[in-house]
Amino acid sequence: MALATQSNRIKIGIRPTIDGRRMGVRESLETQTIRMAQSVAQLLQTHIRHTDGTFVECVVADSTIGGVAEAAACADKFKRENVGLTITVTPCWCYGSETIDMDPHMPKAIWGFNGTERPGAVYLAAALAGHSQLGLPAFSIYGTEVQEADDTNIPEDVKEKLLRFARAGLAVASIRGKSYLSIGSVSMGIAGSIVNQAFFQEYLGMRNEYVDMMEIKRRLDRKIYDQEEVDLALSWVKQYCKEGVDVNSLENQRNAEERAELWENVVKMTIITRDLMVGNPKLATLNYAEEALGHNAIAAGFQGQRHWTDHLPNGDFMEAMLNSTYDWNGVRPPYILATENDSLNAIGMLFGHQLTGKAQIFADVRTYWSQDSVERVTGWRPESGFIHLINSGSAALDGTGEHQDAQGNPTLKPAWDVTEEEAKRCLENTRWCPAVHEYFRGGGLSSQFLTKGGIPFTIHRINLIKGLGPVLQIAEGWSIDLPQDVHNKLNQRTNETWPTTWFVPRLTGKGAFTDVYSVMANWGANHCVATHGHVGADLITLASMLRIPVCMHNVSEKNIFRPSAWNGFGQDKEGQDYRACQNFGPLYK
């Protein structure tokens, strides 16, 4: 499969700017300025990773930047080195617009050192004014506390902003130029599967690729797959994938021979879809050189319903396995594959994965359960209402919560931290239930699991609104545990063959977060992504880089980090965001 090499991975550029006056001024600042750049590079190279687990590489300009000639030389170097985002650092006054990063598509931040001997803050303000005037928004980083001139430590508040900027900026740069692959078309009239090419091109810098679902059928029939891998996968499935409850009537249940054929087909579909996304050199040895290339897809969606699933096995196994961090080839980064070709949820999954390196849970925002409703149905009264997240397809098996943190608590880990034992526990706590015949006449196998409680999650969703464009909504909260008999009653009356996460958002007492019902009532679509951790602040920063306004969130205002130019659009943070995004327009338009 096609993987980035160290030479072509996105890098972070560090730009040390300096007062250009020679004969004493510049010379006295060289050491301090270079040390700032080196300290930032050291921080990022030990904390920020690509999604395959490798630490990011930083590229520092060949010299400090005192004027436009050195700024241009730095820009040339960064192009050669595949730099995708830049951080400018300085302890002193520099020549504003002569030294700034002028690339219109590159996320950019400036750290102005808070010291008294030299006016780093003054340059920061001057450079940011230039960025705003030129329409090139940049992020402002300035420490709360005054530091000594020889202090090489990075304050904690500065670290937090540097790391947040780097995570979001790396995500922006990493998805640019990649493809979203639609396998099929619109599923059951779902708006998210009406792929909006302008959104992908102008906001994300991505291209759209399309294949008919018949391409999977062609590869099944003509054996365009690696048979050795199929054999390995079937052996692995037999050992680790346990069948679950079959709720179908007897006449719609499959016998042992039919189930074996079903397993073989869904395994082949998984391998074929992965090959469609990223290619597979093995196919070239089978005289399928074109198919071996793939579609350079960093994310994909499978329509499934109903044109495929009325006749052939659904994509539940394929979607769940590809989105997980473990399969017959061992622990690996997840692939991003959306149910029902919901391209907008796929991008939410992509955002979550890029920011965390972790597998994502794709879910329907299915039901709001009030205290009264739960008590009426089960006889048990919860402390508050909660939301049922459930969907048949793309919920990664990591969502079982069978990974463990250092204290033994349930969690979801990035692939580089997942152990074989943890991965197998996810499988052990998953059952594969025959698909409900009335919905999936072609059969299939749906993952059935229950997410452990007490895990922090952020649910989020991009929606497209005519005349406005994309908006992002975010709700941080936690998974919860219900008494087993309560879970059984609620789950069985919904769909016991699908994966369930019981979710409670963090409430603020106002607006969309007045209560749990309000969160459900304000959700903009039928699907959401559940990303492990409270990552709303990172999502807000990422959205601002792409000029996607955030319409709903419960993130503390002190954690909101957007370009400094946003401050020119009023004092109300949400309205400010809308006005700034509208003014500057999509990043790649």
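Including glycine, each Cβ sits where the backbone N, Cα and C put it.
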Inset, instruction - Figure out which of D310, D316, D327, D364 sits with E340, H527 in the Mn(2+) site per Swiss-Prot. - result: D364
Legend entry - Separation of alpha carbons, E340 (active site, proton acceptor) and D364 (Mn(2+) binding site) (Å): 11
Legend entry - C-alpha spacing of E340 (active site, proton acceptor) relative to H527 (Mn(2+) binding site), in angstrom: 10
Inset, instruction - Would you mind listing, in sequence order, the residues at least six apart from E340 (active site, proton acceptor) in the same chain with a Cβ closer than 8 Å to its Cβ? - result: S187, M188, I190, G192, S193, G301, F302, Q303, G304, Q305, G393
Inset, instruction - Using the recorded Mn(2+) site (E340, D364, H527) as reference, state which further residues of the same chain have their Cβ within 8 Å of the centre of those residues' Cβ atoms, listed in sequence order. - result: I190, G192, T339, D342, N345, F362, A363, N391, G393, A525, N526
Inset, instruction - List nothing but the one residue from D364, H527 whose Cβ has the fewest other Cβ atoms within 10 Å; the candidates are the binding-site residues. - result: D364
